[in-house]
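Right, one structure below, let's go through it.
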Amino acid sequence: MECKRARAYSSSANLGSGFDILSMAHTAFFDTVEICVETKNSENIVIESNSKIPLEPNRNSATYPLVRIMEERGIKASLRVKVIKGIPEGLGLGSSGASATAAVMAFSSLFNLNLSKEDLVRYAMYGEIASSGSPHPDNVAASVFGGVVSVVSVNPVKVVEIPLNYSFNILLFVPLNVHIEEKTKKAREMVPKTVKLSDYINNSRYISSLLIGFVKGERDLIRLGLNDEIVEKARLPLFPYYPKIKEIAIKYDAVGSCVSGAGPSILVLTDKMTDENKIAEEGTKTCNEFNVECEVIKAKIAGGVEVERRN
């Protein structure tokens with residue numbers, strides 16, 4: 001029985017004002033997907049996992065992309081798919097996107113499809129449909145490419161890797177006792193359909209500040225760019241502790257802070273000027289004030305999805 005296994009890292013989407021556009025892959029967590037071909041003359045997908053995930057192929061973020069690839073390319077096979085979840089689900093860390101990305105990469109390797117990175121993103125986006133009903137591309141793009149990416153087009157898929165000329169580390173405040181049913185879907189429903197022109201202009205300034213800050217290596221521009229006048233504000237009921245954590249992060253000279261994806265996790269960028277211990281200590285106390293138990297994770301920028309070599 002031939003098998004392939006791939007690993008994809010967690011990610012934080014939006015990065016302030018870059019809703020559905022920007023995302024950052026990090027080493028905080030990763031998902032692994034192993035796909036084995038049992039037979040090539042029938043069509044069936046059996047799912048195994050260490051987590052409580054849907055076992056119906058069309059409802060599973062790792063396997064629905066495979067269903068679509070097989071339909072589109074006329075591939076017939078009976079598959080056994082093992083999804084090893086390392087990324088906490090529903091916490092704004094790109095869990096479904098990483099599973100989808102790892103699955104598509106393993107499948108591409110198994111069937112020698114040699115998919116381009118853009119095609120990996122295009123197919124992995126189907127996993128987000130299975131997860132939340134919306135094919136948002138930001139998390140899967142980060143998990144595919146690694147680093148910080150900008151999705152500049154969805155049809156056709158076009159992703160640009162953002163050069164990082166400023167060295168920073170990552171702190172994540174990850175709530176352990178917060179569970180919001182269908183969180184991503186609910187969070188997307190909270191995004192306003194119309195916005196004030198002044199908010200749009202401010203957000204445009206933020207996103208350009210962030211990108212220029214990354215490219216030119218300017219700390220102050222990165223800090224300014226990690227702000228948002230629209231989506232974070234609309235979703236604040238999902239993470240009421242965020243404003244105070246951000247205030248603490250800036251107080252102790254973090255590069256900047258924002259909500260990780262749709263939340264409720266919080267992303268903090270740090271460097272040698274930052275007092276990480278104070279941010280972790282006071283940020284954890286803030287979580288406790290809201291009856292939220294937060295784990296603080298230290299991470300770095302991650303690379304893209306890769307096929308694991310078997311010993």
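Every residue, even glycine, has its Cβ placed from backbone N, Cα and C.
Annotation comment: Swiss-Prot describes Pro88, Glu89, Gly90, Leu91, Gly92, Leu93, Gly94, Ser95, Ser96, Gly97, Ala98 as ATP binding site. For Pro88 (ATP binding site), the same-chain residues lying six or more positions away in sequence with a CB closer than 8 A to its CB are Phe29, Ser95, Val174.
Report note: the ATP site is defined by Pro88, Glu89, Gly90, Leu91, Gly92, Leu93, Gly94, Ser95, Ser96, Gly97, Ala98, and the residues of the same chain whose CB lies within 8 Å of the CB centroid of those residues, excluding them, are Ser10, Ile87, Asn139, Gly261. Put plainly, the binding-site residues Gly90, Gly92, Gly94 were compared by Cβ crowding within 10 Å, and the winner is Gly94. Residues within less than 8 Å, Cβ to Cβ, of Ser96 (ATP binding site) and separated from it by at least 6 positions along the same chain comprise Ser61, Glu89, Gly127, Glu128, Ala130, Ser131, Ser132, Asn139, Thr184. Contacts of Ala98 (ATP binding site) defined by a Cβ separation under 8 A and a same-chain sequence distance of 6+ are given as Ala8, Tyr9, Ser10, Ser11, Phe29, Phe30, Asp31, Ile87, Asn139, Ser143, in order along the sequence.
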